[in-house]
Each structure stands twice: as C-alpha cells, then as structure tokens.
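**Q** From TrEMBL, here are the annotated features:
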- B:34-53: transmembrane segment (TRANSMEM)
- B:74-97: transmembrane segment (TRANSMEM)
- B:117-142: transmembrane segment (TRANSMEM)
- B:128-422: domain 'NADH:quinone oxidoreductase/Mrp antiporter transmembrane' (DOMAIN)
- B:163-184: transmembrane segment (TRANSMEM)
- B:204-224: transmembrane segment (TRANSMEM)
- B:236-258: transmembrane segment (TRANSMEM)
- B:278-297: transmembrane segment (TRANSMEM)
- B:304-325: transmembrane segment (TRANSMEM)
- B:331-354: transmembrane segment (TRANSMEM)
- B:366-388: transmembrane segment (TRANSMEM)
- B:408-428: transmembrane segment (TRANSMEM)
- B:444-463: region 'Disordered' (REGION)
- B:474-495: transmembrane segment (TRANSMEM)
Amino acid sequence: MELIVASSIGVLTAGGVYLLLRLRTFPVILGLALLSYAVNVFLFASGRLAIDQSPILSRYGDASYTDPLPQALVLTAIVISFGMTAVLVMIGLGAYLESDSDRIDIAPETGPETEDTDSKNEGAA
Amino acid sequence: MMHWIILPVVLPALLAPLIAFALRHDITLARTASVAGTSILLAIALGLTILAADGTTHVYRLGDWPAPFGIVLVLDRLSALMVLLTSALALVVLIHAVTTGWDARGRHFHALFQFQLMGICGAFLTGDIFNLFVFFEVLLIASYGLMIHAGGKDRMRAGLQYVVMNLAGSTLFLFALGTLYASTGTLNIADLAVRMPEIPIEEAALVRVAVILLMIVFAVKAALFPVQFWLPATYANAPAPVAALFAIMTKVGAYAILRVHTTVFGPGSPGTEDLAGTWLFPAAIVTIALGAFGVLGARRLMPLIAFSVVGSMGTLLVAVAVFSQTATTAALYYMVHSTFAAACLFLVADLVVTRRRTDTLQPEPATIQNGLFAALFFAAAIAMAGMPPLSGFLGKLLVLDALREPGLIGWAWSAILVGSLLTIVGFARAGSILFWKSTATTGPSPEPALDDGAEKDPALDLPPPATARQVAPAMLALAGLAALAVFAGPITSYLEETSAQLFDRQGYVDAVLSPVEER
C-alpha cells in the first residue's frame, strides 16, 4: 500500500507540475487540481497509513488508532482548494474574455510597457 | 481570559460580510463602516501593543482547549507590533482609496479590504503553522479580489499570474506542513520548538526538507530572489491603493520567516539551525541586486516602485538572515520603515499617474500641482532609497551596523550600499523625467502655468487637481516616516526588547504550553 500511495502522489505531482508549466489557463487549472489531490493524499499519509482503524482513541485498552489530525487538515485543505479553484476559474475566464488570450505569462506583445518577468517559456506554448 | 487578542481577527471578519451583504448598494455607508472599523482596529491594536509592552506573552486559547491540542493565538511584542503596523497602514490606505474614489471603481472593495485585514492580523497572531496557512489563504483570496479590482486587460492577466503563483505556493505550503507533521507529530509552534531540539542531527533529513520547503513558501510571500518574479507585475498592475496595502503582505512572509526560524528552527535546534542563514543570506543579497537593477531599468513608474519594494525586502531579509538580536532589531525597524515608505510611494504615484494618465517614464506636459507632487515624490523616494533625514537612512544604518561580522560584512555592505546607490539613481532618473522634463515640454508658454496642461490636450478632460484630502494620506505616511526617524531612539529600544523576546524561546514555549488554570 505504501508503494501505491507514494507512487500515486508522485505521479499526480509530476502531472500537476507538467501541466502547470504549460502556461495556458486550462492546463494550469487542471495542473493545480492535480497538485491539490496529490497534496491531500500526501497530508493524509503524513499521519501514517493504517487500515480499518477509527481516528478515535479507544477507551478500552485498544491503543491502535489512526491519527485524526491529518484528516482534519485534509478537510480544511480540500475546502480551501475548492474555493481557490473556483476563484482561479473565474479570474482565468475574466482574463481570457478581456484579453482574448489564455496565456498565463504576460507576453511581451501585449504592450511595450509590460515587464518581461516570465518570458522563458515562450517556445513551450 | 482576555478576549481582546482575537478581536483583530473577529472585527474585520464580522464587518466584511456586513459590508458585502447589507451595505453593498450604498457606497457612503460602506465607506463609513469600513473606515470606522479600521479605526477601531487601530485602537485595538494600540491597546494590544500596550498590553504586550510589558514583555509577557499572552495566549488566547480558542474554546479553552490547552495548547498543543487546541488552536491558540499568541500575542507577544512582535505580533502586537505587526498588527499595529497593519492597522495603521490600512487606515492610511483606506482613506486614500476613499478620497480618490478607487473604492467605487469596482464592487466590494471594502468587504475585500476587511477580509484582507482579517487574514493579515490572523497570520500575525496565530500560534500554529496550519492556521498560518489558513490565514495566508484568507489574506490571499481577498488579495486576489483586490488585485483585479476595477478590472482591465493588463490587470486581469497580471492577476491571473499572481493567483496561479500563489496557488502553487499554497500547495507547496501544504507539502511542507505534511512533511513537518510526519516527522515531528505537531504543528503548534511552541510544541515544535520543544520537539525540534530533540531530533538528532543524523535523523533530521526529513525535517530539513520541510524547513527548506517552508522557507521557499515564505520566500514566495516575501518576494525573495528565486521566487520574486510575481511581485513587479502584480504590484505594477494592481490598483495603487491595493499595491500600497500589499506592502504589508510581503512583510507577512518576512514575519513568518523570522518567527519560525527563531522560535522553532533557529539556534538550539541541531538539525536545522544552520539552514536558514545559509540559504537566506545569499538569496537576500541577490534580491537586493535584482531590486536595484529593476529600479534602474524600469520604463514605467509603478514597476519602478515595485522593484524598489523587492530591493527593500532584500535589505530586510539580509538583516533577518543573520538571526542575531541586534540584526533582528535593525530588521524590525527597517520593516516598519519600508512598509510605510513603499505605501507612501504607491500613494504618491497614484496621485501623479491619475493626473498624467500614463505611468510611462517619458516627458509629458506638467500636471497641475507639479511642484507639490515633485516634493512628495522626492520625500518618498529618499525615504525608500535610504537617504537622510528620513527613517530609511537610519534603518539601513542599523542594518549595516548589525552586519559587522567578517564573513558577512563584505557581501552585505557592498550589496546594500551599491543597491542604495542604484536605487537613488533610478529614482532620480524617474523623478527628473516626471517632474523636471515635464516642465520643459509644456509648450509655448514660458512658464508652466496652472492651466497649461489642460490646454495641451483638450480631448481629454484632465482630472481636477488633488484636493487636500486626497494628498493627506500620502502626507500622513510621510509624517509616519518622519516620526519614525525623530523617535528612532525610543522605537529602537522598544524593538530591542521585542527581538530579545523573540529569541527567548523558552519564554514563548512556557507561555503557550502552560496549563489552563490561571484566570
């Protein structure tokens, strides 16, 4: 199980980072979603992996339980990442409709005044 | 138990929905509520600062759960100072936004503003790292809204970039938290401070990864070198009052670095004590250089100021990276100064740009009140660049004075001094183009008369001259800088005690983890 969890986190993260580097709105949103899944699973695993155990310490001697804190953290993280994704979709849509381009980086041709802060990925698009 | 401590979080949290739902159709009511709320916040922050001034660490346990299990808010001198700084800055910025009408150019400015204050105050007060994440998200989600306030193509695109950058940062934050939790089993700062020294150096690999991840996350917020690239585009395209408020957001990153790396991973934790200084110091040096060259190379006024903010963060973090008490005192002084200096510059720039209609650095007909703007810009620029007599000079002097160790002095002094020189040159260039050359291009009229600019371009109805109320916030920020310079003695001795308390790790731990029986 450790192998499956670890490799799924790895694959999700790799996919997320790859999509993030595409610098187009839709892939970036998908990439951030993948990353947030990866981080949720990772947070979940940070309390150690346990099967068939409740997150409550039993009163009657049985000391085996799964750590409840990561579950609370994951819950919060999921809620926040949902909200953030919604905001991102709206802002991405707004930016697309305003500027007719779905590039994330500010391309130099949008105006002479924009700073070339992130022009290294010109060729990737 | 004192309930005052949670008020800086609760008050904006209650006020924001009220403004958003009940007062959204009446801008006057919303303004009144927002200004009143921020004024009350300032009063509360003053009260908290007085409360914390005696050096005790006050702990507020939410739901009265004891510390490692429940959520705590911790008020010590540093967090009180930061909350005070936030509320003072917020009031100045808010007055500017109201008097210049920025708040009416889009919807929900005041509600978002209050949510932003809630997030910032919460981030300064919280006593565990996961809630730091939550408050980061609160302040970020409000800042997304503020960033794209008033809309526009460039602003939306810059806003999108900013959101994506910060979402990636948030994900990294969660990875760091997961790693930290997996290796220590706690996320409470005081509890971490207890457990961290117990981790032997040979088993600290995972913790070191977590610490570096955390530092990257805070560096994103603080606009430190490898991850600073979002800042110039964001600040340059944000509405000016929002950019002025964002001056405190970079300080949230600096505060988090300071707090976490002194209390938890700092001196006394064998596995991680060397990490922050080793990586932070060179990064901060490069940040100074980047900021200075950015100021030199900027072709527009707003990016120029944004790059000067990057440079000031570099100076601040150079002092932070040393993790000694004198350096921290200098860093705190410089932090207060640079917050107000950056805000003041943005506010002045807003006044100028509104009347010039473009912030490109090219000679344009002089605006009315050219002299007033020139004087304001000059004062704000010398504060930012660190020239006497304003507090920037004293701040940089304190930082230089604290960095006298042989290994640091060469890099730090040359970076700060050369960086300041380049910043001065950049500001001088911008100022002379904006205010001197503009008087030369006013046309046939021999002297730049008052209505000359208006006749130059009759197609555009030029905005009216800035009223006293519109100039007042920038003046207020300047007055703050002057006061910071005049009262440098008492303020520095106050900050010395603050940094002494910050390095008193045991005092913090004892206060937070003490059992709940007093009351």
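Just so it is clear, glycine is given a Cβ too, placed from its N, Cα and C backbone atoms.
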**Q** So which of B:34-53, B:117-142, B:366-388, B:408-428 has the most C-beta pairs under 8 Å when paired with the transmembrane segment (B:304-325)?
**A** B:408-428
**Q** Who are the chain neighbours of the transmembrane segment (B:278-297) in space, where the CB to CB distance is under 8 Å and they lie at least 6 residues beyond its ends?
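**A** Tertiary neighbours of the transmembrane segment (B:278-297) are 212, 215, 219, 223-226, 228, 232, 257, 303-304, 306-318, 320-322, 408, 411-412, 415-416, 418-420, 422-423, 425-427, 429.
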**Q** May I ask for the residues of the chain that lie six or more residues beyond the transmembrane segment (B:117-142) and have a Cβ under 8 Å from a Cβ within it?
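**A** Distant contacts of the transmembrane segment (B:117-142): 5-6, 8-9, 12-13, 16, 38, 41, 59, 67, 71-75, 79, 82-83, 86-87, 90, 166, 170, 173-174, 177, 180, 187-190, 192, 214, 221, 248-249, 252, 255-256, 260, 512.
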**Q** Can you work out which residues elsewhere in the same chain, 6+ from the ends of the transmembrane segment (B:74-97), have a Cβ less than 8 Å from its Cβ atoms?
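**A** Residues 5, 8, 34-35, 38-39, 41-42, 44-46, 48-49, 51-53, 55, 57-60, 103, 109, 113, 117, 120-121, 124-127, 189-190, 241, 244-245, 247-248, 251, 255, 258-259, 332, 335-336, 339-340, 343, 347, 350, 469-470, 472-474, 476-477, 480, 494-495, 497-499, 501-502, 508, 511-512 contact the transmembrane segment (B:74-97) from elsewhere in the chain.
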**Q** I'm a bit unsure how to read this: which one of B:163-184, B:236-258, B:366-388, B:408-428 has the highest number of Cβ pairs shorter than 8 Å with the transmembrane segment (B:204-224)?
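**A** Stretch with maximum Cβ contacts: B:163-184.
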**Q** Which residues of the same chain, at least 6 past either end of the transmembrane segment (B:34-53), have a Cβ under 8 Å from a Cβ in it?
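**A** Counting only partners 6 or more residues beyond its ends, the transmembrane segment (B:34-53) has Cβ contacts under 8 Å with 2, 4-5, 7-8, 11-12, 15, 19, 75-77, 79-81, 83-84, 86-88, 90-91, 94-95, 98, 103, 110, 113-114, 117, 121, 494.
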